[in-house]
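Some features that Swiss-Prot has for this protein:
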type: COMPBIAS; residues: 77-86; note: compositional bias 'Acidic residues'
type: COMPBIAS; residues: 90-99; note: compositional bias 'Polar residues'
type: COMPBIAS; residues: 201-216; note: compositional bias 'Low complexity'
type: COMPBIAS; residues: 761-779; note: compositional bias 'Acidic residues'
type: CARBOHYD; residues: ASN339; note: N-linked glycosylation site
type: INTRAMEM; residues: 508-528; note: intramembrane segment
type: INTRAMEM; residues: 693-713; note: intramembrane segment
type: REGION; residues: 28-118; note: region 'Disordered'
type: REGION; residues: 188-216; note: region 'Disordered'
type: REGION; residues: 755-779; note: region 'Disordered'
type: TOPO_DOM; residues: 1-295; note: topological domain 'Cytoplasmic'
type: TOPO_DOM; residues: 317-345; note: topological domain 'Lumenal'
type: TOPO_DOM; residues: 367-507; note: topological domain 'Cytoplasmic'
type: TOPO_DOM; residues: 529-588; note: topological domain 'Cytoplasmic'
type: TOPO_DOM; residues: 610-625; note: topological domain 'Lumenal'
type: TOPO_DOM; residues: 647-692; note: topological domain 'Cytoplasmic'
type: TOPO_DOM; residues: 714-928; note: topological domain 'Cytoplasmic'
type: TRANSMEM; residues: 296-316; note: transmembrane segment
type: TRANSMEM; residues: 346-366; note: transmembrane segment
type: TRANSMEM; residues: 589-609; note: transmembrane segment
type: TRANSMEM; residues: 626-646; note: transmembrane segment
Amino acid sequence: MEQSGHEPGKNTFLSRVFGLQSDDVSTSIHTQELSTIPLDEDESNHGALVESEDDEDHNDGVRLLESDPGTSTQDSLESDTSEEDERINGINSDSQVIDTSRPLLSKKETMELHPFGSQNGRIMESSIKLGQPSSDEEDLINVNESLQPDLENRINPIYHEDKLDKALGNSSKNIRTSTFLDRVLKPNDVKKNSTKKRQNSHNYNPTSTYTNSSSNTFLNTVKGEKSSKKYKLKRPNILNALSVVNNMPERRLNTLSPKERALWKWANVDNLDLFLQDAYNYYLGNGFHCIILQKVLNILTLLFVVFVSSFMGYCVDYSKLPTSTRFSEIKIDHCYSQNITGFTKFLLFLFYGFVILKVIQLYFDINNIREMKLFYHYLLNISDDELQTIPWQNIIQQLMYLKDQNALTANVVAVKAKNKLNAHGIANRIMRKENYLIALYNNDILDLRFPIPFFGSQPLTKTLEWNINLCVMGYVFNEAGFIKQGFLKATQKEYFANELRKRFMLAGFLNIILSPFLVSYFVLLYFFRYFNEYKTSPENIGARQYTPMAEWKFREYNELYHIFRKRIGLSNPLASKYVDQFPKEKTNILLKFVSFISGSFVAILAILALWDPENFLNFEVTHDKTVLFYITVLGAIWSISQGSVSTEYHVFDPEETLRELAEYTHYLPDSWKDRYHTEGVKQEFCELYNLRITVLLRELASLITTPFILWFSLPNSAGKMVDFFRESSVYVDGLGYVCKYAVYDGDADAVKKHFGTDGNETTEQDAATEEQDIDSEPDEATKKMMQSYMYFLDDYENDDNLLGKYQIPKKRRESFDNTQYDVSNSNQKNQDDDSDMILANRYTWRKQFKPGQKPELFRIGNHVLNDKTFTQQGSNHLGIDESYARSQISNTAEESNRSSLYNSKYKSPTKGVLGLVKEYYKKSDVGR
């Protein structure tokens, strides 16, 4: 887009941050990274931004830098220093505040905005695009460069803060939920009619047909009132130290107190993704001392394996072992200087250099972890001792409290990025890459076949998974953690596909060189780790574990690792129970025979040893193999075979067991339906839940087979991978490009497919066919997304899930859930059982939508859903804003807000998010 006739005026924002005038930097900014803001025609029109009447003339707009969580740029609408001072003063007074997170409405579209009250007459066509900057691959895209004057003195306050607080307690109507889910779930005939309407509308803009429902949806907040009852936390209070944020230069950080230093770091975050990932890793690692201890012990483990193996190989004279009685007699003096020479010594020097680098990295990690400790302790008011028991939901709650106090005053961090600080946004930032990997493995994009006929597909191993992450994710995403925008251009497909092929082949070559050393190291590591376990408990050789592919198949979108690890750990007993239900008669017959033969030899040797215990034990049965050696080996074989024989009786109900197991694994393919009792389903499940010894052997074999897969097989999938990242990426304001399957809250209304098939921005025709794209989505992909959506709801809305990383819900009464509620019972009986029903009826979506049950009989929080509340609540919605501070103004409003989402429009299943979910659940097998 060309801009002419504008003099480059002074840019206050750029001059403050970079020390430059706008004309000095105008040639360094790509216009595709700017967004159009229409100028006001009438500044008195409630502070709204009004578009020029000429729809085709876009030169009247002002191009603004995109706000980005990974940069240090500030929201251009709030760049002026005087405006910032005004906002700071407005916190302590009743002055008016600009709501920068307010969505802009499309032209000629009038609707009510909630929960801020009615705002009619807002006419808008485009919205500010915030979230992700251009990547370092932008030199592949030919763009014009321009810079326009900022919107100084163009925006008037929209609402008073006291009006906002008052509105939070009021119910609102006509709340719109996620249009993305709406498109997925509503009937096909409705989709077709909607598509026709869009095709007939010449001025349709898919990015602006939404309200501010994102601030009302349950996904944008966590029920802080619930968690506060279990875990008393002090709210962050940083308003007294705000001057530090604006006035302290980085070179004087050492003069600050620990709390002020933590505040400065928070206010000057230049990459919110990396910061939240560090914060989550700190929570996952249980604090400063646990993380440092783990890192130190990892280095010591590496040193121990290499030192012991080298010492046993070069410093022991095994020829003297039979005749020696002391260790000093078989030890070789000065073995490292005399025996170790040439290539082996060179490898040891390389290893020592690697250890030195790890120690240096540990030093810098300690500094970063210490900074995170200060952030948790002083700003979130959470000590390290609490991290092992406190729920993650409380961490989110404290982050949102902190954001409410700091987002409007920080002068470096992108304000819009912090305004997206909610449960859904935080999960998307932490798992930006992992969400793509989940979709990549679930959609079977990768070709993992071994390039030899009749070998079939190679199981995914940790070694192969690590190489895929290095080759694919390390190239698709830039250093800031954002997807390179060249991958979103269809015209750049061949270029990036060729680059991926080169990376696969290079990685295969490096694996061939490193495989001998890796095989040696991991053989020793597994030997030291598992030998004593199998020696003392031989029956453990039949233990099973989930394979790496199973972990990616079972994991949900936006499911943080500690939640996934907990439910997978709880599923192990049920998985073993399911496998053990199937008879293993052929295996039992073979194991009994092996047990008999080995036991017989052990018995013979033991009886002969009684005649001459001192000499016979050293008697050589074969060359250099004594009786004691064979008694040890054959005894171990007997213990393993005898312990692996199945002698217990089990109740054979594989269908019930597998359905119960699916409550934890979230995996129950439609192809297994009506075949749960068959050997075929059992074999498919055992490929996901395999013997631990088999998994270990595959890992060792993978060190040899991985180079061939990287060299010959995976390059064939390069083009499909580029298509996958382009088709699976959507743009969300304040988040940037994320995996489309991980966007399922109210913010999905703001999702924009920024690029079309020709590499340009989306057109009206592209938007009109968006419905057809949704219809063409694979059923499994849609089910996976919907399943993740409902489990995300359960994780963050269910009282019982407000637990720490190592805690599980206590057993509760399930009598009401296990029995069908009989509406024909007498009123007296219903009154007697009312308290039992309230105690037993804890909410989960699986219970609420269980076939034959009535959703209205289930409660949420402290609110019981019944017919009376259905008639009284009407069309209330969850009017909770992103801000926890503002969401707890009125106890009455809090009580209604906790349950109103589920009360809304139950009697019309085609309206509202939960109605759509209910309608979808009736027609699918998700989660059953």
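Note: Cβ is positioned from N, Cα and C throughout, glycine not excepted.
Mapped onto DSSP helix, strand and coil, the topological domain 'Lumenal' (317-345) counts 14 helix, 1 strand, 14 coil. When Cβ-Cβ distances below 8 Å are used as the criterion, the intramembrane segment (508-528) is approached by residues 305-306, 308-309, 347, 463, 467, 696, 699-700, 703-704, 706-711 of the same chain, each at least six residues removed from its ends. Proximity of distant same-chain residues to the transmembrane segment (589-609), defined by a Cβ-Cβ separation under 8 Å and at least 6 residues beyond the stretch ends, is recorded for 616-617, 627, 630-631, 634-635, 637-638, 641-642, 644-645. When pLDDT is averaged over the topological domain 'Lumenal' (610-625), the result is 76. Within its own chain, ASN339 (N-linked glycosylation site) has TYR314, CYS315, ILE332 as residues 6 or more apart in sequence whose C-beta sits under 8 angstroms from its own.
Each residue in the topological domain 'Cytoplasmic' (529-588) gets a DSSP state, and the totals come to 44 helix, 3 strand, 13 coil. Tertiary proximity for the topological domain 'Lumenal' (317-345) is limited to same-chain residues at least six positions away from its ends with a CB under 8 Å from its CB atoms, namely 310-311. Broken down with DSSP, the topological domain 'Cytoplasmic' (367-507) shows 92 helix, 4 strand, 45 coil.
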